[in-house]
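Chemist: Dumping the structure here so I can ask a few things about it.
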Amino acid sequence: MSKEKFERNKPHVNVGTIGHVDHGKTTLTAAITNVLAKHFGGKAFAFDQIDKAPEERERGITINTSHVEYDTATRHYAHVDCPGHADYVKNMITGAAQMDGAILVVAATDGPMPQTREHILLGRQVGVPYIIVFMNKCDMVDDEELLELVEMEVRELLSEYDFPGDDLPVVRGSALKALEGEAQWEEKILELAGHLDTYIPEPERAIDLPFLMPIEDVFSIAGRGTVVTGRVERGIVKVGEEVEIVGIKDTTKTTCTGVEMFRKLLDEGRAGENIGALLRGVKREDVERGQVLAKPGTIKPHTKFESEVYVLSKEEGGRHTPFFKGYRPQFYFRTTDVTGTIELPEGVEMVMPGDNIKMVVTLIAPIAMDDGLRFAIREGGRTVGAGVVAKVIA
């Protein structure tokens, strides 16, 4: 046993399997854990350990997801696999499983199928940055030309959705044979792991990104000024730095003159910490929950965007009836609700509970946002949907 296993200082990367039902996503997940456990240490998972995915609730939405982990020589991976198509849709939209990259599983015996396309589209919409293809069940196809054809089809499909279809890695393997321990197919799993290590760049850590903190509360402290509190989402704010207050009202600039945590004064607040930030020359009524504090120039307020939305089913506590164009719910971003109107795609008249749908949203007040921001759709405080900003429009 190499000492590799005990090092916990390896970069951590989040990945997952996507693709059509029965193309072998779960078998591949099991094969990866088994082959890598042999070579790099770690725990091997059996197919049925992964297949019995526990139910999770993310923003009131029921999602079945399996989480496994594995190591390569240079990295530690957390990997998600979902049993059902609906679980993928929910997972990707809510960001319950944020992926730094995805492994698209396509059976060589079938080629791309409807859910293959849908998962690629979802990946594009929700901002999965990298896709690696694993062509599965290649042991069942004798004809080299057929394999070429399937690979070409998959590459074209990925290009259609703006992934670099011509350049991304495609591995031809057999998850089942690898799981059964056949050396030539185990080799293919190692090849896949090599691509995970080299093709998916190391994710930027939250602390290295520009400072942003959603404002949860505003207090005025006699003789000191106005304090805003919240959990720092990313980056670092240092005492004496300029910050912007963005969203809802016109953007204003101020200076952070103090940072405190648990009543202790600090010289900076970092990603993940709950802090109070003292703002120079800001009146209590100038700031409100729902705005964000950010490094100047790094985020802008917007009112109109294209989104991908999952509408909760009745069983999940969602609506019992469909909604139509002209629907005006609240959109909950970070810490606050903003009313908005929706435009449905051409030819879509109504949206049923349990559907996922692309929609354009126009808010009545601007919110600090970038592509990839998650939100909830609410009616009178009850969550009826979850969404992600696919593309800011205005």
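Cβ coordinates come from backbone N, Cα and C, glycine included.
Swiss-Prot lists 10-204 with the feature domain 'tr-type G'. What Swiss-Prot records for 19-26, 81-85, 136-139 is GTP binding site, and it gives sequence analysis as the kind of evidence. Per Swiss-Prot, region 'G1' is recorded for 19-26, and the stated evidence type is similarity to another entry. Annotation comment: Swiss-Prot describes Thr26 as Mg(2+) binding site, evidence class sequence analysis. The annotation region 'G2' is assigned in Swiss-Prot to 60-64. For 81-84, the entry in Swiss-Prot reads region 'G3'. Taken from Swiss-Prot, the feature region 'G4' applies to 136-139, supported by similarity to another entry.
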Chemist: Compare the C-alpha of Thr26 (Mg(2+) binding site) with the C-alpha of each of the binding-site residues Gly19, Cys82, His85, Cys138, and give the closest one.
Modeler: Cys82
Chemist: Please list the DSSP helix, strand and coil residue counts for the region 'G1' (19-26).
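Modeler: Going by DSSP assignments, the region 'G1' (19-26) contains 2 helix, 1 strand, 5 coil.
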Chemist: Can you tell which of Lys25, His85 has the most other C-beta atoms within 10 Å, given these are the binding-site residues?
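Modeler: The largest 10 Å Cβ neighbour count belongs to Lys25.
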Chemist: Of these binding-site residues, Gly19, Asp22, Thr26, which scores lowest on Cβ atoms within 10 Å?
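Modeler: If we count Cβ atoms within 10 Å for the binding-site residues Gly19, Asp22, Thr26, the smallest count is at Asp22.
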Chemist: Within the chain of Cys82 (GTP binding site), which residues six or more apart in sequence place their C-beta under 8 angstroms from its C-beta?
Modeler: Gly16, Ala53, Ile63, Asn64, Thr65, Ser66, Tyr88, Asn91
Chemist: How do the residues of the region 'G2' (60-64) split into helix, strand and coil according to DSSP?
Modeler: 0 helix, 4 strand, 1 coil
Chemist: On the 0 to 100 pLDDT scale, where does the region 'G1' (19-26) sit on average?
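Modeler: That region's mean pLDDT is 94.
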Chemist: Taking helix as H, G and I and strand as E and B in DSSP, count the residues of the region 'G3' (81-84) in helix, strand and coil.
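Modeler: DSSP classes over the region 'G3' (81-84) add up to 0 helix, 1 strand, 3 coil.
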